[in-house]
Structure formats: structure tokens, C-alpha cells
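Asker: Quick one: the structure is below, and I'll ask about it shortly.
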Amino acid sequence: MAEPARALRVVRIYLDGAHGLGKTTTGRALAAASTAGEGVLFFPEPMAYWRTMFGTDALSGILAASARCAAASHGSARARRAGAPRRRGRGGPGCVLPGQVRGPVLNFARARVRAAAPPGPAPGGTVTLVFDRHPVAACLCYPFARYCLREINAEDLLMLAAAMPPEAPGANLVVCTLPPAEQQRRLAARARPGDRADAGFLVAVRNAYALLVNTCAFLRAGGDGATAGTRWSGRTQMHWPRSQTPVVMNAKCAGAGLRDTLFAALKCRELYPGGGTGLPAVHAWALDALAGRLAALEVFVLDVSAAPDACAAAVLDMRPAMQAACADGAAGATLATLARQFALEMAGEATAGPRGL
């Protein structure tokens, strides 16, 4: 009888944050840091998918629709409706990919009634999967920024947030940050066509990620999305402002209060039909689903002001504190093939698998 493959420890890291910070550069530096037995697989942002796979440049269409909304007196209803399908489409690759990765990781775990990996080294070694963005970017943070600018309504935002796929055990989100002036400088230097760099939008995106970090801290500390929903009576509206005031990020990811979260920011009249005081059940269910997805994330914050190699080293230094999952040792080759295929089709580039897999 063939000897079973030794258990492989799988650490999944999603690099996320506002655009123009240097996430992709940090991800590539992480991939270059692969060593024997400690491979790093990089899943880049799917630029080729958005720009070439459908015969039209979908990314340019999304950005153009966004610009039209911004120019049309904070977004007319017609412009918002026209842009919604494109916004949902942008999340496609990121929403599908977790399911492909989940297969080889969780099939082994289910067979042993164990999903999370125990602490310490695994017999089959460790593989780190690094993703350039989590679905939370397309499904929540960027739509939320546009909601704050009154370019989309709360209904669209809730619909997009509810579409975020559930996470398998072992997901770690590293939210990248930069001082605003340095972000502007890097955006100008990369000069990507269609990049939206107006100050109001950048503040809104940074606020979205700050609230995301605070929300995850609130949930991990025992905060309950359902409780948050029931506390939203019409008489206790929090009136979180759709303003340009920067939100303070709970950088240590410690406990945060309800008022510092996305739940407070979504306390709005639009979700209460007819001016009622009770939150409709369907909205409460959507918010509870969102809370469940966010609670599964272990969140870290990283200032990426340093050189890419230093940022990559900082991420690797976070790994002992990160959650992990188990896979059969044979899954390493499957994951390496998946990473190569994704990089080739979604980013238009070939990438070699890491050493040690």
C-alpha cells in the first residue's frame, strides 16, 4: 500500500488596500523569496482578464462608467444602473479563484475532520499562497468608496457585498497603507491608463479600508453582526457622514467599537423602506452574511513605504501569527500548476513555480 503524502501547511495571504500602493511589487518580491520547503506562490491581479479576454477592455469600461457617475452631479440613477453590471463583473476572477484553491486544501482537511492547521511545522513543509487582492476589494471596499461619494446607492452596495464568496479556513488579509502624499506620487509614477487619482476618491477608498480593518477587529473581538443589526433602530441612527474626513484605522487590529465599523457606516435611511424603524429581515440577513465572511479573516496592517524586499520580509515575519490550513502533500503540485495557469491567463505572464514544491 502506497505511503500517504505528508501533510502540507498552507498559509493564504491576501495583499489588499487602495490602488497605487505597491501591492503587486510586494507580491512579486514575496514570490522571489521562495526557498526549499518554504515555497511562495503568487496569484497576480487579473489585468489581462479585464483588458483582453472579452474582446473589449472591461477595466477601461468600468473606470469610464465611474468617471461618468462622478461627473454627473454625484451620480445619476441612470449612470448608477449602467455601471452596476460592470462592477459585478470586475469581481469575477477574484470571486471564482478561492473555490479553485479551496478544493485541494479542504478535501484533505475534511477527510481528517480538521480544517485549520495546528501550530508548528508540518511534516510536508509549508507553502504560502499570496494573492494580489481579496474579493473584498471588488465586492465591498471600492463600492463602499463610491457609495460614500454618492455614486452608487445603498442597495447596490449591499448587493455587491452579499456576493462576496465565503472563505475557507486559514485566510489572512494584509491591508497595505501609505501616507497620502506618497500614494499620489506612486500613482503618478506608474501612470496606469484610467487610474482614478482624484483626492476625494482616494480619501474614500482609504476610509473604506480603515473601516474594514476596524470591522474585522470588532468581529474578531466577539462583536456580532446580528446584534449590530438589531441595535439599528430608527431612533438611534448613527448618521455616519459620507465625508472627506479621514477615518482612523485600528492599525493594531485590536477591539474596535461598533461606531468605528462598516456597520455604523451602513446605518442609512435607504435600508429602511417607508421610513420605518425596523431593519427589514432581508437586509439584516445580507449584513449577517457579510459579517460572517469578514469574521473569517485574520487581518494585519502593513506600511509599504519601504523597499519591496523589506516589505516582503515584513509579510514573511507575520506568518507565525497567521492562521493556516492543512492539505495533502500532493496538493503542492496542484497549487503550483493553478498559480502558473492563473498568472498566464489572468495577468498575461508566465511564472515559475517556487522551489521546494
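Every residue gets a Cβ built from N, Cα and C, even glycine.
These came from Swiss-Prot, pasted as-is:
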ACT_SITE  E45  active site, proton acceptor
BINDING   G17, A18, H19, G20, L21, G22, K23, T24, R186  ATP binding site
BINDING   R192  substrate binding site
Asker: Which of H19, K23, R186, R192 has the fewest nearby Cβ atoms, counting only those within 10 Å, among these binding-site residues?
Answerer: R192
Asker: If I take the alpha carbons of G17 (ATP binding site) and E45 (active site, proton acceptor), what is the distance between them in whole Å?
Answerer: 13
Asker: Could you tell me the C-alpha distance between L21 (ATP binding site) and the residue listed as 'substrate binding site' in angstrom, no decimals?
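Answerer: Cα-Cα distance, L21 (ATP binding site) to the residue listed as 'substrate binding site': 13 Å.
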Asker: Express in Å, rounded to the nearest integer, the largest CA to CA distance found among the ATP-binding residues G17, A18, H19, G20, L21, G22, K23, T24, R186 named in the record.
Answerer: 14
Asker: Using a 10 Å cut-off on Cβ-Cβ distances across all protein chains shown, tell me which of the recorded positions (G17, L21, E45) has the largest neighbour count.
Answerer: G17
Asker: Other than G17, A18, H19, G20, L21, G22, K23, T24, R186 themselves, what residues in this chain have Cβ atoms within 8 Å of the centroid of the ATP site's Cβ atoms?
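Answerer: Residues close to the ATP site, other than G17, A18, H19, G20, L21, G22, K23, T24, R186: C176, L178, Q183, V304.
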Asker: From the Cα of the residue listed as 'substrate binding site' across to the Cα of H19 (ATP binding site), what is the distance in angstrom?
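Answerer: Counting only the Cα atoms, the answer is 11 Å.
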